[in-house]
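Peer 1: Features from Swiss-Prot:
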type	residues	note
SIGNAL	1-14	signal peptide
REGION	4-121	region 'Esterase domain first part'
ACT_SITE	37	active site, nucleophile
CARBOHYD	59	N-linked glycosylation site
CARBOHYD	76	N-linked glycosylation site
CARBOHYD	257	N-linked glycosylation site
REGION	264-379	region 'Esterase domain second part'
CARBOHYD	278	N-linked glycosylation site
CARBOHYD	294	N-linked glycosylation site
CARBOHYD	322	N-linked glycosylation site
CARBOHYD	343	N-linked glycosylation site
TRANSMEM	394-414	transmembrane segment
């Protein structure tokens, strides 16, 4: 009996933390994933092209890198695979951010990589913020614009592709005007509480070789919302650089107006619809890079920041030992993504395990789930300190110990 009594205190003080599994996991069994060609089981090269377990393919919604970003800006583009589905799950994991194309075909003018990257980062920051607190993500087409007899789509010089959402349209005069767009509160069976709407314009907003250039301004306006840009002294002449400048706005469902002062009218033709959930769950993102022979961007990493997002970074270059090509079937990512086959109790930036006993030094925000932690019972300088568990494990251990002690006294009293 004495050995039994001594066993439980020693158990309580001897247990050590478990090293977390590094990579995305889920807690609720209600998880959706946004991937790319590396998670596309319909490819001819599958499964040799996959970075994820083959039986997890149905949970992935995307088949091309950065397609959520491209889909908000392009309606039709032969070289892009756009997001035409929707997901309605609690936990969200992204592995789709590497693609740089069409970085040099994103504006009529040569804004280069930096401006494109800023837009991609800005979009994903807002997407993460929305996805953390809202449940369903659905891309919907908005109602067609009103008829304008003097309206024509802006056409780029050379072969560059100006994004066609928001639609950039050219007016024959500078009379202030507006076009109405509706963000519906219901799309099919999906309730839409909030929308992620792109608000874009070309800076230096005058495209004329003449001697004058009228002021330029554009805004989205409703009874409860007003956001705009105004350029009172636009540049004159075709030689000036014109960048495609975008903000990404959280807008409630309802009727809104796109108003314009100047020659250009900008109005949205599609938007991401979200509906609500009653709790906050950070999204998770896995670093997506090309092999060392190709250029990769870090927009997803820049956008994945606490408290909205947990980012899992690779520790090695993209390395393929048995894949379809040098950019598909990375060994390290396949190991990381295998965690999606199992559910967990605690998710953190350091990793996760099904039943982890974490030291306080292991965890930093954001975390979610049940994360039992060790704390110091006492700490004397120079002497040995003792760890106990500040969680249900601690309570359960000592409750069991008390029960055993009581049983011992009962047995002793019975024989006495």
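These residue numbers are counts, starting from 1, taken along the chain as shown.
Yeah, the Cβs are placed from backbone N, Cα and C, and that goes for glycine too.
Looking at the shown structure, can you explain where the listed features end up?
Peer 2: According to DSSP, residue 37 (active site, nucleophile) is assigned to a helical segment.
The local packing around residue 59 (N-linked glycosylation site), expressed as other Cβ atoms within 10 Å of its Cβ over all shown chains, amounts to 18. Secondary structure at residue 59 (N-linked glycosylation site), taken from DSSP and collapsed to helix, strand or coil, is helix.
The 10 Å shell around the Cβ of residue 257 (N-linked glycosylation site) contains 17 further Cβ atoms across the protein chains shown.
Mean model confidence for the region 'Esterase domain second part' (264-379) is a pLDDT of 81.
Cβ neighbours of residue 278 (N-linked glycosylation site) (same chain, under 8 Å, six or more residues apart in sequence): none.
Note on residue 294 (N-linked glycosylation site): other Cβ atoms within 10 Å of its Cβ, all shown chains, come to 12.
Around residue 322 (N-linked glycosylation site), a 10 Å sphere centred on its CB holds 8 further CB atoms from the protein chains shown.
Secondary structure at residue 343 (N-linked glycosylation site), as computed by DSSP, is strand. Neighbour density for residue 343 (N-linked glycosylation site): within 10 A of its CB lie 15 other CB atoms from the protein chains shown.
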Peer 1: To the nearest whole angstrom, state the Cα distance for the pair residue 322 (N-linked glycosylation site) and residue 343 (N-linked glycosylation site).
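Peer 2: Here the two Cα atoms lie 28 Å apart.
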Peer 1: Which whole-number value in Å describes the distance between the Cα atoms of residue 257 (N-linked glycosylation site) and residue 37 (active site, nucleophile)?
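Peer 2: That comes out at 38 Å between the alpha carbons.
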Peer 1: In sequence order, which residues at least six apart in the same chain have a CB under 8 Å from the CB of residue 37 (active site, nucleophile)?
Peer 2: 43, 49, 63, 64, 65, 328
Peer 1: Where residue 294 (N-linked glycosylation site) and residue 343 (N-linked glycosylation site) are concerned, what is their Cα separation in Å, rounded?
Peer 2: 34
